[in-house]
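Trainee: The structure is given below, and queries will be raised subsequently.
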């Protein structure tokens, strides 16, 4: 078997991916290891046999991963820079505190550059740091064998500290932080949802959010269609009217008559709350049936960015917004709460539901329709990665330390720029979300597997050298910045607790933490803070990789 893997190293790659993601699915309480860390652990074990992958494959995989990472985060990143300074402060706290702890540990424990960078990547649970730091090691001017050893130390230190950093941030956000703030997280999240205009649990259910029902006119007779809709807070639309056996689309100025049958469309809770405002439900729903269109729109118009969902009605004329509902909001791949008080940000994918003509008009006012493409523009991907590699060749010297972004940092910046452009012209810069996810997932997994296979022979020695010191530093580097953000965010920045805890999960780029937090909160309000700090930290933390490598080399 060992000889087979040596003859066909690509088998070791896919074996690491398969077994690693299988191990990564194991869950203990709220903590799940994840496919990336699982892949690295398996690769470290297989790497004991001496099997290695070609360096070009490793570099290619990382370039694709980091470009896709920047691409998906571009719109939110630039929007966060302009609008969300309170949440952005937490990402800066993360960067400053974790950098201070890692450099202090480097001095106290005499860590080499590779181990220091791996400690940063693992404790901050940011896998992208491995790539940017590994590239920086190549620019230290070390002999090839020593450079390979340093890169192996990055992977080993990451694998040792990642698990402890992950457990720390998951437990901190969902259990420890609410205790420190002395709050009932579920009650706080429910109160915040009520404040934003909701209040009902957002747990997924079997009933649809937007429904249509046919009712007899009842008490609504004598009012115009627009007057009736205003009386219901514009949460219910009179879509069609049945009169004397004929059915037609309703107009705002039409007067509702006794005996009319009304097809009402709206959010489920609004329809249920109609009560005596209309007559009894009618079984003529099939005759009054109408087709509503769902349309995903990338929010890009400046007049809509920064406003709440409720504000959208004030930004458009009544004839434009009439009959259009926001059924879903996606932000950085997460479902944001669809509440009147939810603030919309550039790059949000807002799903509109309503009659085709009304949806067309509303979509033009908000941004650009996300085209239902199932192909990837390899022109854009090729140019973007090429531009990133060229940017990565730039270097400068600060205090005697030679710093360079490397191909990884360059591809991250080009991905941000192309993602920003794609939010404005999704018809040109085609990279469907599913395609971006496969680039990220496979690129990172293949890169991590290559790093782990190369690091295998040195892993046991490094673990034996530092013992429990690395896990302890990993816990400190995860908990100290989180604690600092907790008290600064609550007492100085006055951020609501559910949003603050989501922002802390985001500043550490921890998807498992936000998943556990949403479950503990009972609704999606923590996502509001998570997406902002996640977008910022996903850019800032990888850029720390070369800085830590350079400073650790200088300290040595």
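First residue shown is number 1, and so on along the chain.
Every residue, even glycine, has its Cβ placed from backbone N, Cα and C.
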Trainee: Which stretch does TrEMBL mark as transmembrane segment, out of 142-161, 162-181, 182-201?
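Mentor: Based on what TrEMBL states, transmembrane segment spans 162-181.
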Trainee: Could you tell me which of the ranges 466-487, 488-509 is annotated in TrEMBL as transmembrane segment?
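Mentor: My reading of TrEMBL: the transmembrane segment range is 466-487.
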Trainee: Hey, would you say the transmembrane segment (378-396) packs against the transmembrane segment (60-78), going by three or more CB pairs under 8 A that are 6+ residues apart?
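Mentor: Answer yes: the transmembrane segment (378-396) meets the transmembrane segment (60-78) with 3 or more Cβ pairs below 8 Å.
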Trainee: Kindly say whether the transmembrane segment (527-553) and the transmembrane segment (31-48) touch, using the definition of 3 or more Cβ pairs under 8 Å where each pair is 6 or more positions apart.
Mentor: no
Trainee: With Cβ-Cβ distances below 8 Å as the criterion, list the same-chain residues six or more beyond the ends of the transmembrane segment (31-48) that contact it, or say none.
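Mentor: Long-range Cβ neighbours of the transmembrane segment (31-48): 5, 12, 15-17, 19-25, 127, 155-156, 158-159, 162-163, 166-167, 170-171, 441, 444-445, 448-457, 459, 512, 516.
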Trainee: Should the transmembrane segment (162-181) and the transmembrane segment (466-487) be scored as in contact, given a threshold of at least 3 Cβ pairs under 8 Å and pairs 6 or more apart?
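Mentor: By the criterion, they touch.
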Trainee: Treating G and I as helix alongside H, and B as strand alongside E, what does DSSP give for the domain 'RCK C-terminal' (236-280) in helix, strand and coil?
Mentor: 8 helix, 20 strand, 17 coil
Trainee: Is the transmembrane segment (466-487) packed against any residues at least 6 beyond its ends, judged by a Cβ distance under 8 Å, and which are they?
Mentor: 90, 93-94, 97-98, 101-102, 105, 109, 111, 115, 119-120, 122-125, 157, 160-162, 164-165, 168-169, 172-173, 177, 180-181, 500-501, 503-504, 507-508
